[in-house]
There are 2 protein chains.
Amino acid sequence: MPVFLDTTSPDFEPAFQTLLSAKREDSPDVDAVVAQIIEDVRSRGDAAVIELTAKFDRLQLAPGTLAFSAAEIAEAAAQVSQQDRAALELAADRIRAYHEKQMPADHEWTDEVGATLGWRWSAVSAAGLYVPGGLASYPSSVLMNAIPAKVAGVKRLAIAVPTPDGQVNPLVLMAAQLSGVDEIYRIGGAQAIAALAYGTETIAPVDKITGPGNAFVAAAKRRVFGKVGIDMIAGPSEILVIADKDNDPDWIALDLLSQAEHDESAQSILITDDAAFGQTVAQAVEKRLETLQRRAIAGPSWRDFGAVITVRDLDEAAALSNRIAPEHLELCVTDPVGLSTKTIHAGAIFLGQYTPEAIGDYVGGPNHVLPTARSARFSSGLSVMDFLKRTTLSQMTPQALRAIGPAAARLAQSESLEAHGLSVLARLDRLND
Amino acid sequence: MPVFLDTTSPDFEPAFQTLLSAKREDSPDVDAVVAQIIEDVRSRGDAAVIELTAKFDRLQLAPGTLAFSAAEIAEAAAQVSQQDRAALELAADRIRAYHEKQMPADHEWTDEVGATLGWRWSAVSAAGLYVPGGLASYPSSVLMNAIPAKVAGVKRLAIAVPTPDGQVNPLVLMAAQLSGVDEIYRIGGAQAIAALAYGTETIAPVDKITGPGNAFVAAAKRRVFGKVGIDMIAGPSEILVIADKDNDPDWIALDLLSQAEHDESAQSILITDDAAFGQTVAQAVEKRLETLQRRAIAGPSWRDFGAVITVRDLDEAAALSNRIAPEHLELCVTDPVGLSTKTIHAGAIFLGQYTPEAIGDYVGGPNHVLPTARSARFSSGLSVMDFLKRTTLSQMTPQALRAIGPAAARLAQSESLEAHGLSVLARLDRLND
């Protein structure tokens, strides 16, 4: 049974606190193993990657076969049904169109003292994208990571995807092809992250690594951070649905289950201003759980971490939503746009009853890589910004230096940084000659 | 002696590689101690903070005196000279004006299928800024961290600054006041980071922590990351100057020394297309080192990590600059703007001989918190973006769901995520009735 809470109950606050602080994930501590793997790949390169792939993926590779060949990719793509290809293309087009609008502009201006200031954006030169193998090998995640990188202007985009026993999902290769990925390596785990970060004889190092992965991949990303940039370390998925009674309870139940089916540690929460509606939705969830293919995953998630919260009104719902700071937030209410201006801490908002969260996982356009575990309070989903960096620009004229240089020299002196001050004063001396 | 390299020399490449990979910093491993301090503050709150402050800062506080009072801040501000105040105000005004231009815009549009898409930026609710005590207690860093936060719209901005033996730099308090900081706590070290991240009886928790600090502070920031957002962990400062022979060698020497004087681990590099000019600058550095107040710091930095590189031409200089990816890059050449379009991996670029890097440390306007240790390849300096997060928005109409819903259902099926597909199909069924 999920937990049922009611804000009018005197023990609501401690119960809500418990819900907020529930620890949903116990990551195994694989840091020592991962440190060894990284060291091994750094010192022995391809040889280490090949040995580790034989060990973990039961796949014997040679340096020349680490990467998929163009012929192999074409062959895999040919296996994809016309319907799947069309769906992937529609998704890719929409994701590309959305992310193209995110591209930030360079800016430059001259201010009142004559200083020219500004900034310029540029793409990272090379990026690596990790794609999990097996069950969680999602072609949609390839699109969501690779397209923003290519829109940002990343010249060289490499994918690492493990192929246990040589098995690969043809849709993953096709998604890579549609996204313009340049290199695809059939390697995985910490060894793949190490190879991307430090390079081997056949794999050139990248500057940034993104993409989801298991505990080994996450630990390896943490370890190579600094040598390369990384994206967030994602936790289990979450959805918060705020719904009034004018909704089909089965639709809401399916929306809750669409996160629950990801992972036993996923969390689905319903907030409603109608207690009876909450009960009806909970019954609809149980009914769907009787037949759902992934009920062995969705069931424990819903029972262990699910919640139905009854509130007095939607303002209270917004306040609770901001404390939860959900990854996904569905607003199934009469005025979803109005309510969305109050729910400011959320990774992605889905407005109205015709916008199930699953649309955003595939074809909506916005990215589906989003902040989990309340981190929407301070971070954003993946975007073109993750593959860009900003260089600031300053140019003083003699006039500008005369106007603001003395203040710089004064502050340098107050911080006991003499050379800082002298570098300004030596120039002012000449100008004032 | 700094290292002298020449790209025409046959052993240039290995020597340059050595320069690039030189390990300039050995951080002591304080992680175990820091973990204990954080646990202590989490479990005992103010009492732990007070004990640790007595121990490390030799300062006895009570819960009511953790924060500076308004009267104490006013009293400190009154000690600041009129000239220092004017310099701080000029710096604050210019930093504010620059960062106001960084504010990104919200965006929303309706596409050809009738889907309304967009995003909305919002500020983190509360941020904490760490300010080191003692020698490295720089008022300029207060401005550079606090002003972007306030420009971004952070409602509650708290500073933690240790005051060993009760000593505080009045300019730090004045800089905080000028920046609109809301709370100032006289605490430091890992205990301050823990208090900001988890909160105590008197300090409410924040969502994001920025600012420089020693090894304990850096380790604590790494540990609380995830619970709160953090900015980068900065390494020792660096400058790369690209200069042709038409420069005053003493100006360039002072620019190199203005980074070297920060830290024995700082690195200053000159690239020039004129070997004789390089020698002259190196002599000018030695001459200045005879009298520089901080020669005991700047001397070892220049001798151990300094470098003078002679190149064939400025295109070669740009290529090396991109491999170095410097924190600060000065372009003292005839066409600095033209060269800057080729030096794409750099934290901040200073154009022309009248723009010494020190201008950017104080009054230029751009931020002086910048990526070090080659991380300008993939990251940017501090900005208003560090205090904002983006929420994506999607709203489907029935028509839009009919247009793109089937592709989502198809992809969900290919990923074996049945509930995802059903959440779309259940709505399409009704719409198609």
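Cβ from N, Cα, C; glycine included.
Annotated features in TrEMBL:
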- B:Glu327: active site, proton acceptor (ACT_SITE)
- B:His328: active site, proton acceptor (ACT_SITE)
- B:Tyr130, B:Gln191, B:Asn214: NAD(+) binding site (BINDING)
- B:Ser237, B:Gln259, B:His262, B:His328, B:Asp361, B:Glu415, B:His420: substrate binding site (BINDING)
- B:Gln259, B:His262, B:Asp361, B:His420: Zn(2+) binding site (BINDING)
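This view paints the features noted in TrEMBL onto the structure.
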residue: B:Tyr130; record: NAD(+) binding site; CB count, 10 Å: 29
residue: B:Gln191; record: NAD(+) binding site; CB count, 10 Å: 28
residue: B:Asn214; record: NAD(+) binding site; CB count, 10 Å: 19
residue: B:Gln259; record: substrate binding site; CB count, 10 Å: 31
residue: B:His262; record: substrate binding site; CB count, 10 Å: 23
residue: B:Glu327; record: active site, proton acceptor; CB count, 10 Å: 29
residue: B:His328; record: active site, proton acceptor; CB count, 10 Å: 26
residue: B:Asp361; record: substrate binding site; CB count, 10 Å: 28
residue: B:Glu415; record: substrate binding site; CB count, 10 Å: 21
residue: B:His420; record: substrate binding site; CB count, 10 Å: 30
Spatial neighbours of B:Ser237 (substrate binding site) among the recorded positions B:Tyr130, B:Gln191, B:His328 [C-alpha, 10 Å]: B:His328
Candidate nearest B:Glu327 (active site, proton acceptor) in space, where candidates are the binding-site residues B:Gln191, B:Asn214, B:Gln259, B:Glu415 and distance is Cα-Cα: B:Gln259
Any further residue of that chain within 8 Å (Cβ to the Cβ centroid of B:Tyr130, B:Gln191, B:Asn214) of the recorded NAD(+) site: B:Pro132, B:Ala160, B:Pro162, B:Gly188, B:Gly189, B:Ala190, B:Ala192, B:Ile193, B:Gly213, B:Phe216, B:Val217, B:Ala220
Among the substrate-binding set B:Ser237, B:Gln259, B:His262, B:His328, B:Asp361, B:Glu415, B:His420, as the record gives it, the longest Cα-Cα distance in Å: 55
Members of the recorded positions set B:Tyr130, B:Gln191, B:Asn214, B:Glu327, B:His328, B:Glu415 whose C-beta sits under 8 angstroms from chain A: B:Glu415
Residue from B:His262, B:Glu415, B:His420 whose C-alpha is spatially nearest that of B:Tyr130 (NAD(+) binding site), among the binding-site residues: B:His262
In three-state DSSP terms, the structure that B:His420 (substrate binding site) belongs to: helix
Integer Å distance between the CA atoms belonging to B:His328 (active site, proton acceptor) and B:His420 (substrate binding site): 49
Recorded NAD(+) binding residues, B:Tyr130, B:Gln191, B:Asn214 - maximal Cα separation rounded to whole Å: 13
Collapsed DSSP category at B:Gln259 (substrate binding site): helix
Cα-Cα distance linking B:Glu415 (substrate binding site) and B:His328 (active site, proton acceptor), given in Å to the nearest integer: 47
Assigned element (helix, strand, coil) containing B:His328 (active site, proton acceptor), judged by DSSP: strand
C-beta crowding around B:Ser237 (substrate binding site), within 10 angstroms: 23
DSSP three-state assignment (helix, strand or coil) for B:Asn214 (NAD(+) binding site): coil
